[in-house]
Structure formats: C-alpha cells, structure tokens
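Per Swiss-Prot, these features apply:
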BINDING   160, 281, 282, 287, 316, 377, 385  D-glucose binding site
CARBOHYD  44  N-linked glycosylation site
REGION    464-496  region 'Disordered'
TOPO_DOM  1-11  topological domain 'Cytoplasmic'
TOPO_DOM  34-65  topological domain 'Extracellular'
TOPO_DOM  87-91  topological domain 'Cytoplasmic'
TOPO_DOM  113-119  topological domain 'Extracellular'
TOPO_DOM  144-154  topological domain 'Cytoplasmic'
TOPO_DOM  176-184  topological domain 'Extracellular'
TOPO_DOM  206-270  topological domain 'Cytoplasmic'
TOPO_DOM  292-305  topological domain 'Extracellular'
TOPO_DOM  327-332  topological domain 'Cytoplasmic'
TOPO_DOM  354-362  topological domain 'Extracellular'
TOPO_DOM  389-398  topological domain 'Cytoplasmic'
TOPO_DOM  420-428  topological domain 'Extracellular'
TOPO_DOM  450-496  topological domain 'Cytoplasmic'
C-alpha cells in the first residue's frame with residue numbers, strides 16, 4: 001500500500017518544529033496562574049507610586065481579570081486572521097513570520113517590572129494572545145498537510161501534546177523554587193522568547209506544505225521533491241494524483257470565504273461539526289476541573305495541593321500520548337465519544353463528592369478528577385483541533401480553521417468570564433451544567449460526526465457532497481457508498 005510509508009526523520013522534524021507553536025500556546029495559557037499574587041502586588045505597588053494613592057481592591061481585581069482575559073481576546077482576533085496569512089505567505093513562512101509577535105509580547109512582559117509599567121504587561125499578554133491564536137490555526141493545518149493519510153490523526157495529536165507539555169512546563173517553572181518569585185517572575189513571562197527563537201531557526205530547515213506547493217502555487221516539481229523527502233520514497237505518484245484531483249475540483253469552486261462556509265450546502269455541515277467539536281472542548285468543564293482541583297486535593301488531606309495540580313498536568317500529558325497511539329486504531333469519532341461519555345460519568349461523581357463532603361468520598365473525587373483529565377485528553381482535547389483540517393479540502397480549509405479556532409477562543413473567553421459567577425451561584429453543583437453539555441455533545445457526535453480515519457481529504461469532502469445530493473429534493477437519490485457513509489462508527493479501510 002502506497003500510504004504505508006515509513007516514518008521518516010524529515011517528517012518527524014517537520015511536525016515537531018511546528019508543534020513548538022502549540023507548546024507556546026500551552027505555556028502562555030498556564031504561566032499566568034502561579035505568580036498571581038506576586039503580579040498583583042506589582043500592580044498595587046506600581047500604581048500606588050504613580051498616583052500617590054492606595055489602589056482599591058476592586059480596581060486591582062479588575063486589572064488582574066483584564067490581564068488574564070486579554071490573552072483570550074488576542075487569541076480570538078489571531079485565530080480569525082489565519083486565512084489572511086496562509087494562502088498569501090504559505091504554511092511554513094506564516095509560522096516563521098508570526099514569531100515576531102512572540103518576541104514583542106515576551107519582551108514587553110519581561111521588561112514591565114523594570115519599566116514600572118502595568119500597561120506593558122497587559123499589552124504583552126494581548127500580543128502573545130494574537131500569536132497563540134494564529135498558532136492554533138497554523139499548527140494543525142501544517143501537520144495535517146505534511147502527514148500521510150494513515151498517520152494524520154497520530155501526528156495531529158502532537159498539536160495537543162505540545163499544548164499540554166507547555167502547560168506542564170509553565171506549572172513547573174512557576175514553582176517558588178524555580179521562577180515563581182518576586183525577582184524572577186518577569187523571566188517566567190518572558191521565557192516565551194526562547195522557544196520562539198528555537199522555532200525560527202528550526203523552521204528554516206522545514207519543508208513547505210506539499211499541498212500548498214502543488215494546489216495553491218502549481219509547483220508540482222517542488223511538491224514532488226518535498227513529498228519524496230517526507231515519505232522516504234521516490235514513488236509519490238499516489239499523493240500527487242490525489243492532490244491533482246483536489247486541485248482540479250478547487251479550480252471549479254467559488255473562493256471559500258467565511259460567509260461561503262455557511263452559505264454553501266457542501267460546507268455547511270462540516271463547519272457546523274467543526275464549531276460544535278470546538279465547543280465540546282471548551283464547554284466540557286476541563287477548566288473548571290483545574291479550578292477546583294486544588295480544593296479537592298486539600299480536602300483529601302494533601303498538604304501541598306500545588307504538586308497534586310502538577311500531577312494532574314502529568315496525567316494530562318501521559319494520556320495525550322496514549323491518544324496519539326489510539327487515534328489511528330480506534331478512530332477519531334470513537335475516541336471522542338469515549339472521552340465525552342467518560343467525562344460525563346466523572347462529572348457526576350465529582351458533583352456527588354463535592355456535595356456530600358464525606359471523608360471516604362474525598363479520595364473518590366481525586367480519582368474522578370484524574371479520570372476527567374485523562375478522558376479529556378483521549379478525545380475532546382486533541383481531536384477538535386486536527387479534525388477540522390480533515391473535514392475540508394484545500395480551498396476552504398484556511399477559512400474553516402479561522403472560524404473553528406475563533407469559536408474555540410471565544411468559548412474559552414466566555415467560560416473564563418462566566419464560570420466564577422456560575423460557581424458562586426451553583427457551588428459544587430456547577431459540574432451539573434457541564435454534565436448537560438457533555439451529554440448534548442455526545443448525542444451530536446454520535447449522530448453527526450463522521451469517521452475520518454484512513455480517508456483522504458478529497459474522499460471526506462465527497463462524502464459531504466453526496467449527503468447534500470441525497471437530501472436535496474431536486475436530486476435523484478443515490479446509493480450510499482460505504483466509503484462515504486458519514487455516520488458510520490466503523491472506520492473505512494485505508495486507501496491503497
């Protein structure tokens with residue numbers, strides 16, 4: 001089988017370098033939590049010296065909330081701007097260019113203490129948010145386009161692995177014994193410059209996406225050379241043939257704008273699936289679990305809950321690796337269903353444990369917490385990011401990634417803003433809200449989400465088109481082909 005290529009050093013190198021962008025996203029998501037009190041003291045001291053008056057607790061809380069939330073605002077804008085870069089500059093060059101934002105944001109945050117400027121830190125967080133928003137679109141798309149069909153899901157999971165490793169590194173670096181101190185917190189925030197430098201240098205030796213070269217730039221010879229290097233074989237005729245077929249189809253289609261994704265019947269179902277899967281990630285309650293984890297561990301008698309939280313981060317990382325090996329065996333749809341269903345059970349257990357407050361059940365709540373995190377990384381964590389790239393052909397893919405990424409960042413922002421109020425109103429029963437969401441997303445996934453394992457981009461797109469033709473009253477009914485049956489739990493056989 002032509003798709004059963006060996007895993008080459010060039011392929012591993014390309015996807016690993018791209019995943020540094022995901023690591024940046026994870027690091028900058030988690031880095032702000034540990035030094036919260038130290039940075040608030042910096043805000044208080046700096047603004048008091050500047051105004052000559054004591055800063056009110058309300059203003060301090062508002063400034064801190066802004067510092068946290070502005071990252072997501074930047075992410076929303078950045079993720080929605082993905083399509084402006086990818087077709088103009090290419091996949092690799094886009095990742096290279098946006099590291100300028102990482103340098104600027106990291107420098108502003110690192111120098112904010114010396115400059116005694118609270119504004120620098122907040123603006124730096126916004127710029128880093130822009131950068132991370134762009135990365136959440138660039139990385140999964142690049143990885144999906146350089147990977148062979150049979151390994152696309154496994155390598156796509158590296159995007160989520162980069163995110164969770166970044167969060168774990170931020171948690172560890174944020175410990176008081178490392179960089180979570182009054183003297184070193186600017187370095188903790190500015191450390192994001194280091195992986196940016198590494199990625200800039202490494203990207204110079206990465207190939208451009210062969211799909212971009214052939215389909216967008218019409219440079220078949222370059223695409224063939226890149227494919228031969230990535231696949232470790234001279235015979236890449238099947239890949240070239242599949243790309244040419246997709247290119248021919250793309251030339252007959254209207255330009256895929258964001259509005260066209262919702263107007264066109266062929267794109268409407270995949271974009272709704274893409275948005276819903278992104279919402280299933282953010283509305284699953286994973287952020288609430290991390291919010292509650294310290295309290296859960298404290299009630300269980302753990303004297304250093306911060307280390308238990310890091311333990312949850314380790315579980316996060318380990319089960320992302322597990323997902324990497326499972327996704328090409330079990331399939332995307334199955335793992336997403338297992339993750340959502342298992343998380344719903346864990347959410348119910350955590351609700352009971354938090355409500356009863358019995359000593360014996362505290363330890364069950366810890367198991368449920370770790371189980372919730374593990375199941376998140378089996379399905380809802382990694383799959384929504386890379387399945388979007390699989391559901392669309394080359395033309396609409398950048399616009400689809402922009403819409404999906406923006407919906408993820410927007411829901412992340414809303415959960416962050418609204419969760420404290422929901423927690424105050426519902427107390428330990430707040431997880432029931434997420435339980436309802438998990439069940440809704442489980443039902444949606446079961447009935448609407450296709451299995452994409454082992455299928456080419458063109459085959460998946462054709463499946464949606466045939467569904468539209470089947471459901472259209474003006475079109476005669478067509479016989480469903482197992483290769484394009486969109487709601488089948490069983491994955492299709494790999495393309496020979």
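The backbone N, Cα and C atoms fix where each Cβ goes, and this holds for glycine too.
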Listed in sequence order, the residues of the same chain lying six or more positions from residue 377 (D-glucose binding site) whose CB sits under 8 Å from its CB are 160, 164, 315, 316, 319, 320, 322, 323, 339
Here the Cα-Cα span from residue 281 (D-glucose binding site) to residue 44 (N-linked glycosylation site), rounded to a whole number of angstrom, reaches 35
Its residues classified by DSSP, the topological domain 'Cytoplasmic' (206-270) shows 47 helix, 0 strand, 18 coil
Most Cβ neighbours within 10 Å, among the recorded positions 44, 281, 287, goes to 281
Smallest Cα-Cα separation from the residue listed as 'N-linked glycosylation site' among the binding-site residues 282, 287, 385 is shown by 287
Whole-number mean pLDDT, the topological domain 'Cytoplasmic' (1-11), equals 71
Looking at the binding-site residues 160, 282, 316, the one with the fewest other Cβ atoms inside 10 Å is 282
Residue 160 (D-glucose binding site) falls, by DSSP collapsed to helix, strand or coil, into helix
Longest inter-residue Cα distance for the D-glucose binders 160, 281, 282, 287, 316, 377, 385, rounded to the nearest angstrom, is 17
Sequence-ordered list of residues in the chain of residue 385 (D-glucose binding site) that lie 6 or more positions away and have a Cβ within less than 8 Å of its Cβ, or none, is 136, 140, 156, 159, 160
